[in-house]
Structure formats: C-alpha cells, structure tokens
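Visitor: Take this structure first; my questions come after.
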C-alpha cells in the first residue's frame, strides 16, 4: 500500500510505536510519550506554543501525565493528513479495507491486557470491565470489516431498457469526539464504520481520558492503514470546536452530554455537515410483580453500577411494582453492600474510582440533594477510602440505593452519571408507561416480566431507542445502539450505521434517445 508523504514542523518528535511499561497495580505508571497522532506517528508538541494540562489517575488521584492540547495549526495538520489518506483509502476495494481492519482486530486481541490496563489507569473502571470494553472494540472492527465487503447499491429497471442504480460513497474526513467513560471502545465504535465505508477520521478523546485512543491509532497503522487514516488530536472544547468548524470535515460523530451535543449540532449546521449524536439518558427500568426476582435484581445492578454508574444508557429510574418492593429492596441492598470497591487493577474489584474529583463531588451532591428532597438512602452514597494507602486520594464512593423517590425529585429527573439507583413504585401498566415516558430523554429502557405479551406491549409504548426485555445494558455490536428524543441522532453499530457514514448517489442511465420538450 502506498504511503503518503507527510511534513511535520521542525522539532516534532515522531515515532510509530512505544511499548508501555507494564504495571501490577495502580500508582506505578508515568506516561511521557506524546498522545497526539497524525502522519502515521505520535507527535510531540513540546516545541510548539500550546497549552499543557494535567491528566489524573482516578484510582490514586496522582498526575498520570501532562496533555499537550491542539490548536488551529495542529487540527489543520491532522485534517489535511486525513484528507490525503482518504484519497488513497476510498479507492481500495471493500475486501482490501477489510483485510486491514481484520489485522487491526487481531492486534487488539494480542494487546488486550495492555490496552485494558491502560484503560483502567486512565479511566478508573475495574480491569474486568475494561477487558470487556476492549473485546467490544475488537468485535466492532471485525463486524464492520465484514460490512466493508458487502457495501452495495440498488438496481432499478426503467422503461425502454433504461435503468438506474445507486451506490454508497464515503463522506470524506469524519470527526469523532469521544466521551471519558468508554475511551477505547468509543474510538473503535466510531472509527470502524467510518473506515469500512472508505472515510478517514480525526478523533478527539475526552481530555480526562486521552491515553488509549492513540493505541488504536498505532494499531491501525501497524495493520497496514495509510498514514492519516485515523488521527488523534488532544484537547478540550476549543479543539472540538476547531474540528467541527473545519471546512474539510464532512461528518461529526459525538458521544457526550446533551448541552454539548446541541452546540456541536449547531456548529456542524454552519457547514451543513452530517452528524451522529449519542447523548445522555435518564432511562426507566420497569420491574413487574410477575418477574423472576433474581434476574430482576441482577438486571437492576447491571443497569446502575457498571463503570461506577458512568454509563449513558443506565436504567437509573427503577420502577418496581408495589407488591414486590420489599423483597426487591432487601435483595438489591444486600448485593449493593457486597460490591467490592478498591484498586481497579485487581481482578477481585468490581467497582473502581469515578473519573475525576470534580465528578465525584458532583455525584455526592446529588445524593445530598436527594436526601433533602425526601429520598431515603438505603445504602451507600458516601466517599470511600480503600485500605491500600496509595489509593487514599482516589475518587471512590459507595454505590447508593435511594428509596421513597418521586417523579419530581432532582435525582429522578436529572442524569447523575454515578452509582446511584433511584427506586420508584407503581401499581398499573398504564401508570408506569406514562411516568416512564415523562422525560425529554429517550436513550434506553428495560422491562422485566414473565408475560411475553406484556413485555412486547410495554416496549412498543416506551419512547426509547435501545430497549431490553429481561436483561439490561447488553450491547452486541451486531445491533444498533442509540436514542430517541434529546438522546441523540443516528446509531452506533449494526448494519444501519453504514447509512450514517456514507452518502447515496443515484445514477440514471438512458439507453435510448433523449425526449425533449424543446
């Protein structure tokens, strides 16, 4: 595959791959390698006048590295490199693109433990979850490698032997803007469909979790992708705005909060750019009295405490039918108290640290506000200090279950994005449907019941894009993920995502003479 020439300003340090020093526990790693990546290599901005800000390890609260943020010149360099890569990549057949993607998936599997450890160190989630996130990233790339080989259009026969056909074509340079809760997975979920369709991508991770996206960039390059196919630029709001407003960018895909999503949509509209928005949620989980209680409790825990509760699709409004509330609460509180909190790099840990001190404080304030508004704390909701002294400054809290919640409480109306479960009671199906849909958000919803007719009837009437029956937070890459209402536009994963990373061209072919009115 032809390599494109890339010019870097003098003083930039370039290298393709830096092996990480492996660590056995939290608090032992310092990252000194550059975290920006374009022109097929890491880019050091130390000789460029650019901002630098600290990145913290959530498990210990110590500084993990310093982030060099990208300004206008750096963003432009990355986009220009992506534009050059696009011209090469779009001309390859679907099979040729698939080979590169499958090799990237193989390299991810080979480096699974290393990537998972880096995700834990930068994000704070448990190593058990991080491994599953890396697996999801790999599976998404494998899935869309298959889609790359089957991209096709439609043939339409017209009168007189004439015909028309359609063809799917890439946009060009796509921008991906990731969230801090699934850094590596989101980078893969956004890049896989983009490059399968023949696009290139410039990806901006959250400044809180900048470390692992650059590993994916290295992996794509090692797999045989042209330099510039997947680039990483670091920074915050200013860098994101530069990307969204860049005239050479044709598509923006964002995962994050509703307010930021609205700003991105507004910026993209100035250039009439396509957007995919995966935004917030305040999702309902409905548990009927005929449910298998054991599975319902498991589902409620999965719907609230994965990744320390920092999951946009979490079912944080848990509606439980009145007759089974005592049994449900007894069991869910018992299991919540038993959740192992501590060093996220230890296999026995089930809940690690929240992503930042500011976010931890915000979640704890929500718990205090819930108590002030009349909710009852059945367990948790307090700062937690693990026994290991090196973790004393980490961002930990005990998972919280709130009872006596009502629909008008702040904890029920606003997305907390932490390990806080709000339990509400209901009596009838019609009542719970009305209350469950009383939200501007519609990302996800779930129902637990043994009545198959009721299950499908309730799901049909729930205003949410990603729904679950007798399970929760299951996101196989083969099926689309995304929301209704203010929770977003477009979908991640599944075959339909191809439509959000490509544009349709119609070609009409005349086989006879031209009829003219003139």
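Every residue, even glycine, has its Cβ placed from backbone N, Cα and C.
Note that the structure is predicted; figures quoted are calculated from it, not measured.
Copying in the features that Swiss-Prot gives for the protein in this structure:
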BINDING   204, 256, 257, 258, 259, 260, 415  NAD(+) binding site
ACT_SITE  278  active site, proton acceptor
ACT_SITE  312  active site, nucleophile
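Show me how these features fit into the structure around them.
Guide: Here residue 415 (NAD(+) binding site) comes close to 280, 281, 282, 312, 316, 441: these same-chain residues lie at least six apart in sequence, with C-beta atoms under 8 angstroms from its C-beta.
The Cβ of residue 278 (active site, proton acceptor) has 27 neighbouring Cβ atoms from other residues within 10 Å, across all protein chains displayed.
The local packing around residue 312 (active site, nucleophile), expressed as other Cβ atoms within 10 Å of its Cβ over all shown chains, amounts to 26.
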Visitor: Could you measure between residue 257 (NAD(+) binding site) and residue 278 (active site, proton acceptor) for me? Cα positions, answer in whole angstrom.
Guide: 8
Visitor: In whole Å, how far does the CA atom of residue 256 (NAD(+) binding site) lie from that of residue 278 (active site, proton acceptor)?
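Guide: Computed Cα spacing between residue 256 (NAD(+) binding site) and residue 278 (active site, proton acceptor) is 7 Å.
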Visitor: Which residues does residue 260 (NAD(+) binding site) neighbour through Cβ under 8 Å, counting only same-chain ones at least six apart?
Guide: 254
Visitor: What's the CA to CA span in angstrom from residue 278 (active site, proton acceptor) over to residue 259 (NAD(+) binding site)?
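Guide: That separation, Cα to Cα, works out to 12 Å.
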Visitor: Considering the binding-site residues 256, 259, which residue's Cβ sits among the greatest number of other Cβ atoms within 10 Å?
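Guide: Of the binding-site residues 256, 259, the highest Cβ count within 10 Å belongs to 256.
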